[in-house]
Amino acid sequence: MLFSGGRRKKHIANPQTDLYAHALQFYGQPPLENISLSEFETFAVDRLKLLKTVENLGVSYVKLSEQYTKKLENESKNLNFPHRLDIDDRKSQNAPNEYEKRRKDYISHFILRLAYCQTEDLRRWFIQQEVDLFRYRFSDLQPKQKLEFLHRNNLQYDTISIEEKKTLLDKLVNSSYGVSGITVEDQDFYKVPFQDALDLVRTRKVYLKAGYVYIPHQDIVTIVLNDFRTRLSKALALTARSLPAVHSDERLQPLLNHLSHAYVGQDYSIQKNVGKISLEQIDSLSGKSFPLCMRQLHQALRENHHLRHGGRMQYGLFLKGIGLSLEQALQFWRSEFIRGKVDADKFDKAYAYSIRHMFGKEGKRADYTPYSCMKVILSNPPSQGDHHGCPFRHSDPELLKQKLQFYKVPPSGISQIMELVKGMHYQLACQKYFELTHNIDDGSFSLNHPNQYFIESQKALGGGKDLKKEMDMSQRSQENSAARRPAAAREAAANTSQDLVEMTEDLDSFFQDG
C-alpha cells in the first residue's frame, strides 16, 4: 500500500479492482494502489467504529438475532461499508457506490492489521471481531452465493444430490442437530473431508462416512469461520514482521499507536483508587459485587487456602484493579496461604516474587493489566484442581446450575442463563447474572471486563460513586497517555496532515461515548 499527500483521483478500471469484485472477502492479497493519508485515517477510524459496534452488540444481543442483525446492518450502512450482501453482491462491481464500499472495506481491513498485529491481546481482539463480522456477512448470503464463495476461495465443498440425500435420510436426521425429515428435504447438505470439520466431528453434530462428513447448510459456516480465523491469524503473524518498516514512517506511527490503544477503552491498569478497598471488605464485596469468575476464585481461596498460578494471576490482577496496593496484596495472599500448607518463609521464597512481578516491581517490570472477559474466556482452560477461567464457558452445565442455585439465583433466571450458555453467549450469560443478582431489568452497559462488572455493581448498590469517579479519571489519564508521542514525531505528523488531530479527537469521543 502506497501513501500520498493528495486526494485520490477518480476511479479508473485496472487489475487492482478485481480485489473488490465481491462484498465478502477472505482478504488474501494486500491492496497495492495509491491511497491518500486522509483516506488512510478515515478508513481506519470507520472500521474501528464498526468492529467496536460488533463487540458491543455481541455482548448485548444473541449473535445473528433479529435485533443484532438489524443494528449491525444500520451501522454498516451509516459508515458506508457493504450491507445486505444478498443484494449487494448481485450489483455490478463497477457501480460507483458499491465499488467504493468494497474498496473501503478491503483497504481498512489491512490498515487495522498493521495496528492490531503488535501484541497477543490486540491480535485476539481483532480476530474475534473480524470473525464475528464475517459470520454476520456470510449468513446474509443466499445459498447459491455461499456455494460460489466457497468455490471462489478454493473450498471445494459440493452439495450432495437429491438421490444421495434420500438414501442417507435416516442417518442425516439422527446425526444432525435441529434437522428433521422435512428439513432434510428442504435444505442442502455439503460433503466435506472430515479433517476440515473437526469441531463438528468432536461434538458429534454431523454424519461421518468413509472419511467425509455431511454438513447441513446452517452448519457450513463453522467450516468457513475456522478457515477464515486460521488465515487471519497467520496473516497477522506475517504482518508483525513488517512492523519496524511501518514504525519508521512518522506519518503512520502516531495514528496506528492511537488506534491500537483505543480498541477496548479502559484496561483498569492505572490505579487511582489505591487504598479505597480494605482487606476486611473483600469477603463482603465478593458476595455483592464480584462477577461469578472472581467470586468462585475467592471462595476456592478461602476454602483451600491456595490457588494455582492461573487463578492467582486472574484473581490477583482483578484485586489490583479494584484498588488493592502491593502491600495489601502481599498481606492478603500471605495471610491466606499460611492458613494452609505454606508457612511464611516458603511464601516469601516461592510466592511473594510473583505478586511483586504482577505489580511491575520485579523482572521486566511490566505493569500487568487485569484480564478482560475475552482473555478469561479464550485463555488456557482450567484443568483438574484449577479454579480460573469463565464459569459460563468452562464449567460443567450441571455444576454451573448448582452454583447458581447456591447463590440464590431464581429458577427462571437460571433457565435464562443456561439457554445463553448453551448458545455459547457467555458474556450475555454473565450480564444476565448481573441483572438477576442486582434486581435490574436491563443493564445500561455492555459487559466486557470483570472490573467493569465490579464498578457497575457498586454504582447499582449505591456504594460506587467515589470508585466510579476515580475510574473515570483513570480512563482519561490512559487516553491522554496513549495520545502522547515524541515531539519530533508529533511535529512531522502535523506537517504531513492536520486531519490526524481531528480524526483522533473524534476517535476519543467515540470510545468515551461507547
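Using the three backbone atoms N, Cα and C, a Cβ is placed for every residue, glycine included.
In TrEMBL, the region 'Disordered' annotation falls on 464-499 of the listed ranges 356-391, 464-499. Take the mean position of the Cβ atoms of CYS293, CYS373, CYS390, CYS430, the recorded [4Fe-4S] cluster site; other residues of that chain with a Cβ within 8 Å of it are PRO291, LEU292, VAL376, ILE377, PRO391, PHE392, ARG393, TYR426, GLN427, PRO450. Mean model confidence for the domain 'DNA primase large subunit C-terminal' (284-454) is a pLDDT of 92. CYS373 ([4Fe-4S] cluster binding site) is surrounded by 23 other CB atoms, counting those within 10 A of its CB over all protein chains shown. Cβ neighbours within 10 Å of CYS390 ([4Fe-4S] cluster binding site), excluding its own Cβ and spanning all shown chains: 27.
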